[in-house]
Amino acid sequence: MAVSTSFAGAKLEALLFKSSSANTTTSTSRVAPSSSPLSSFCKPIRARRALIQRGVVRCDVSASETSVQTNEPGGSNISALEQLKTSAADRYTKERSSIVVIGLSVHTTPVEIREKLAIPEAEWPRAIGELCGLNHIEEAAVLSTCNRMEIYVVALSQHRGVKEVTEWMSKTSGIPASEICKHRFLLYNKDATQHLFEVSAGLDSLVLGEGQILAQVKQVVKVGQGIVGFGRNISGLFKHAITVGKRVRTETNIAAGAVSVSSAAVELALMKLPESSHTTARMLVIGAGKMGKLVIKHLVAKGCTKMMVVNRSEERVAAIREEINGVEIIYKPLTEMLTCAAEADVVFTSTASETPLFLKEHVKDLPAVDQETGGYRLFVDISVPRNVGSCVGEVETARIYNVDDLKEVVAANKEDRLRKAMEAQAIIADESKQFEAWRDSLETVPTIKKLRAYAERIRAAELEKCLSKMGDDISKKTRKAVDDLSRGIMNKLLHGPMQHLRCDGSDSRTLSETLENMHALNRMFSLETEISVLEQKIRAKVEQTQK
């Protein structure tokens, strides 16, 4: 459903509660439907985004204006809702609220823009409140990470909702709306649902299947609890996305296997060590640059709690130590490199040196490694040019692995993850259908409430008539018995219709029948559910504006 932007504040309140003497303008606009997602998994997110962007709603799309004239005082007394029924705005009473995502990600937007749009977690509740204060936004959520800034909303009107959110993003970030429109992507309803499920499953991440994004989606739900604007549809969407993320990782094991050189280096080293020595092996990292830092992080992720780091200066090592808590990182200068290597079981090298740091003559006299850690000293060299000369391989107690060895591991893991991603798409398609069915089933909730209220009014009126005929001298016990009798009859009569208005959304046939029953009850009892829902939404917007 959608309500015009002109139905705001005091004007909207007047429209609800009295006939206005002024002219009111209602705007309508058409929004091109989003393209359907590609069925195959060859970069599905980017492919879908390209399709969406070809039909993207630009900020400068003009809206056709239709005027609705209200009567002057003394004219025919037409209620606000009757005007809505007979005016061009009646189109909105037939339109279902849309789930929309307005997003900017690492795939579409440079970091200079993303960092200005980023919203810290502590500001998410404020952002949700401001977004839901917009005329056409009912619910909202913010997913802001280093790689993406995505706003999910339930909009009364797709075009107007997108326009309002884009303007809000421009206002809060200082970036012109036209610039945001160049980089954003827009997805609606089923496409928006599938996108979030893919994000939660790690299919839209730079590293396919990475697990951090699932934790960030969980945090959105945690922060949103208790916030009014984090409503039934959006909270249901994000909670379902968490289920999808867990199911994909459990059933496909997509996160297994290293897909970066640094993670592959750690994984390969642990593969070569006896499993019993994973937590006790002595680790040495030479170089604290970008790659060395990633190696340290991957070691920590694998359970390593103590390591030595050799670097030209201590400054970078100190920064890493501050960033990673609960791990003992011992700094040693480059002059002590050979001494440190003598005390290490595994040596990772990642420096920019143009000449080898280790040659055969440096390694052959190093003390032997304990049999508990495999009996070989491992040199894992991820530098180009190489930091470990190939001649080191001639030392009987040493084993060396370079970038080419790691690339094979990475390539194999990437290929495996792509196969698992195809399996994940099948899971996401199944879960998307379940979510859409659940959301469809919510359409019956207003009818359930309206039917019960209708029956309760009749029960209360008839009960009052009955009690008045019985006189004033009836006992409280008798009064209660008659009241209980009337409630029991009402509940038993309503039981059948209520059962046929409820479904869990897992059966498309059942859902179809449920919606047919809903429309039949609306006709039979003149419940006018659509207008009732519109009225409730207008009143809610009035209350938000008055706060």
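Any Cβ shown, glycine's included, is placed from N, Cα and C.
Not measured: the values here are computed from a predicted model.
The feature domain 'Glutamyl-tRNA reductase N-terminal' is assigned by TrEMBL to 102-252.
The domain 'Quinate/shikimate 5-dehydrogenase/glutamyl-tRNA reductase' annotation in TrEMBL covers 268-409. With DSSP classes pooled into helix, strand and coil, the tally for the domain 'Quinate/shikimate 5-dehydrogenase/glutamyl-tRNA reductase' (268-409) is 57 helix, 31 strand, 54 coil.
Mean pLDDT of the predicted structure over the domain 'Tetrapyrrole biosynthesis glutamyl-tRNA reductase dimerisation' (423-527): 81. Annotation source TrEMBL lists domain 'Tetrapyrrole biosynthesis glutamyl-tRNA reductase dimerisation' at 423-527.
According to DSSP, the secondary structure content of the domain 'Tetrapyrrole biosynthesis glutamyl-tRNA reductase dimerisation' (423-527) in residues is 90 helix, 0 strand, 15 coil.
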